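Here the structure is laid out as structure tokens; the discussion comes afterwards.
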């Protein structure tokens, strides 16, 4: 219990430190740019007021109208295609913010829809990620056999490398496509794909917002939907590997510290088998049967 408390405290402090570092870096990178953009906008506003005789109230009203018309650039947002796009951003928690329900009935349904849809989607992607990783492990094992490798076991390093390459490839494919269809730079398109597939969803870049794109560019709409779902599946499979690796390393160390008494028997769970002598991490695979939670994942982490 003490080890668990220390580990939890360490994780909390690590996250807080990570937040502080992030805040300091973003402050250094963005503050000056924000100030210069604000000055430029204020100067442009003054020029417009002098040129067209705008009063402050007139400008604010025009600003409000322009902002409210922004979501409608891509076409009718609440026809089936636009609603499907919105539903994807809800249950995947991407939440671009490019469109949102305006009626009380729509807001109410959105909350109930998300409560059921988000966990359902998480479970689906978790299951798909496991199936993908199992299939990739099988392909790698067969490839090693075909190439005549003496050891055909698939290591965690192999899986992480394949997962990382798959994620980077998915991001690059999306960046190439969106830079073409949306007239973005490759970097901005890559940034959009990363923000989307990690479900950050800032909303500063959103696909399908060009003139009537939702109604008039059906093949591109289908590509966007498919890319988001497949991309989330690939990203989820990779993150599943990373998270399981982290949990396995930390939890197995904790379990080993509490599970074995002086007789070498598992003390906390009656169904656990007798532990063999173990003085170093190299013998851990032999002990996997003592940890039923991790036993089925163990081949991945040899």
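Keep in mind that glycine also has a Cβ here, set from the backbone N, Cα and C atoms.
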| said: Please identify the range among 58-81, 154-177, 250-273 that TrEMBL labels transmembrane segment. | reply: 154-177
| request: Check each of the ranges 6-29, 30-53 against TrEMBL and return the one annotated as transmembrane segment. | output: 6-29
| field | Residues of the domain 'Potassium channel' (75-132) by DSSP state, where helix covers H, G and I | value | 41 helix, 0 strand, 17 coil
| Taking DSSP states H, G and I as helix and E and B as strand, how many residues of the domain 'Potassium channel' (167-243) are helix, strand and coil? | 57 helix, 0 strand, 20 coil
| field | Spatial neighbours of the transmembrane segment (154-177) far in sequence, C-beta under 8 Å, 6+ residues away | value | 133, 136-137, 140-141, 144, 186, 189-190, 192-194, 197, 223, 227, 230-231, 234-235, 237-238, 241-242, 245, 299-302
| request: Could you pull out which residues elsewhere in the chain have a CB under 8 Å from any CB of the transmembrane segment (220-247), counting only those six or more residues past its ends? | output: 81, 84-85, 88, 92, 94, 125-126, 128-130, 132-133, 136, 156, 159-160, 163-164, 166-167, 170-171, 174, 177, 181, 193, 196-199, 207-208, 213-214, 297, 300-301
